[in-house]
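A short worksheet on the structure shown next.
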């Protein structure tokens, strides 16, 4: 039995991980080569000690059975919620794969930080087998700034009050699918809001050539001093439009005819 010591993020304690196997490196060498072995163990030690959630007991009062399948979730019985002090348990009834049976049995037979360490090892082995990166810290996020650089201030609409470009467009009101929404720009510096610029189109229709020439130019940006738009008006009554005649009871006097 090999004792693997890792340093916790607490300054005054060290966690002793007694892995139930003769040699954890000998077991891992069956799945990964020696070039990835040490890096995988170091990564699993670091992540298991960093993300292990303590002080949550698995009791009947804080365990809730999940409804999703657990056939590919062997060894991950508990997904712990540190905020609400809850544990969500999956029933590990079906083995993941016979290839990892020894490691899965070790996961089921351990607890605490040892279980977390073996879980990270199993995850890393599967990623190495598929040829993908298991360490999320080494994965670079895709930058879409070249395509959607909408947060850059130099492209924002300037504020007509303070001339600042620290503005944000906001959708005030949505309408039907065939109508444009009500959009206003808000300035973070002077706390004013204004209407977005519009395009003024001059249409010159040439009947002989059937061509339309449009000259578009940006109009002046005006501040939005108007009140909020009113609600949609009530539809006209058919009685007021004369489409439906008013009915009367037989005991009422008949209406007078219009002269």
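We number each residue from 1, going along the chain as drawn.
Glycine too: its Cβ is placed from the backbone N, Cα and C atoms.
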Worksheet, complete the sentence: Ranges in play 180-219, 220-259, with Swiss-Prot marking region 'Disordered' at 220-259
Worksheet item: So how many other Cβ atoms are close to residue 190 (Zn(2+) binding site), meaning within 10 Å of its Cβ?
Response: 15
Response to the item:
Within 10 A of the CB of residue 159 (Zn(2+) binding site), the number of other CB atoms across every chain shown is 22
Discussion item. Let me make sure I understand the structure: which of the binding-site residues listed (162, 187) has the fewest other Cβ atoms within 10 A of its Cβ?
Written reply: 162
